[in-house]
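Accompanying notes for the structure given below.
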Ligand SMILES: Nc1nc2c(ncn2[C@@H]2O[C@H](COP(=O)(O)OP(=O)(O)O)[C@@H](O)[C@H]2O)c(=O)[nH]1
Ligand SMILES: Nc1ncnc2c1ncn2[C@@H]1O[C@H](COP(=O)(O)OP(=O)(O)O)[C@@H](O)[C@H]1O
């Protein structure tokens, strides 16, 4: 590919539906690729090393931090999570559009390193629905659910720092909104490239 790809960041409180939305987006759009993060949390039931996350120990995480192996990392719900520098830089350079599912602290670090990254925040329609999604998912203990709900309040307070906000009430509608954001970013970048390459020249538009 000639051009680097786009970088999208999707953040949300736990249970708002970001993993489901990003997974559905990737099924519809083969040009969008995930970045598999590293974490020190334990795998859930169906999770596989290298698919949802690279599950590593605290010392292994320390070693990656020391080697500058992360473009960003953060402490979330008492565990550490990080995005490997190599994984995203290689893919973007190859022209893929990469989606990071990371928390707000990571999102703001990404914006510092990648000024063109598009930051999307997913909100649940209500607190009751957020709680019931966490309970229905059936993957976390009652204590973990309470911790995640308590943390959700501070996470949601960051929503104003994001470029776009999607309320995930009706899933298909939220997915449409996410697809629209990806599409709009591609159009924007393509228009900028064409303007730079002067490929609108046949229209003889006066320079501004
Ligand atoms: N900063 C940062 N946050 C991450 C990363 N990977 C996952 N997270 C965030 O860590 C939080 C917990 O993720 P997880 O344990 O999978 O729970 P879930 O959000 O309920 O599915 C979520 O807010 C994720 O977005 C990462 O590489 N960096
Ligand atoms: N719009 C929606 N309506 C109802 N349930 C949803 C919706 N979006 C996601 N869910 C469900 O809510 C739960 C949490 O979603 P998940 O994608 O795991 O959230 P997150 O990755 O933000 O923690 C899952 O069981 C998922 O199937």
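Yeah, the Cβs are placed from backbone N, Cα and C, and that goes for glycine too.
All TrEMBL annotations are machine predictions without curation.
Quick look at what TrEMBL lists:
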BINDING   12, 13, 14, 15, 16, 17, 18, 19  ATP binding site
DOMAIN    5-183  domain 'Guanylate kinase-like'
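Positions of the features from TrEMBL, shown on the structure.
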residue	record	Cβ contacts under 8 Å, 6 or more apart
12	ATP binding site	18, 121, 122, 123, 124, 155, 168
13	ATP binding site	123, 124, 130, 148, 151, 152, 155, 156
14	ATP binding site	77, 134, 148, 151, 152
15	ATP binding site	124, 130, 131, 133, 134, 137, 148, 152
16	ATP binding site	122, 123, 124, 130, 133, 168
17	ATP binding site	122, 124, 133, 168, 171, 174
19	ATP binding site	101
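Checking the binding-site residues 13, 15, 19 against ligand 2 with a 6 Å cutoff on the Cβ atom leaves 15, 19, in sequence order. Only 14, 19 of the binding-site residues listed as 12, 13, 14, 16, 17, 19 bring a Cβ under 6 Å of any atom of ligand 1; the order follows the sequence.
Surrounding the centroid of the Cβ atoms of 12, 13, 14, 15, 16, 17, 18, 19, where the record places ATP, the chain contributes additional residues within 8 Å, namely 122, 124, 130, 133, 168. In this view, residue 18 (ATP binding site) is surrounded by 23 other Cβ atoms within 10 Å of its Cβ, with every protein chain counted. Residue 17 (ATP binding site) falls outside any helix or strand according to DSSP and counts as coil.
On the 0 to 100 pLDDT scale, the domain 'Guanylate kinase-like' (5-183) averages 96 in this prediction. Residue 12 (ATP binding site) falls outside any helix or strand according to DSSP and counts as coil.
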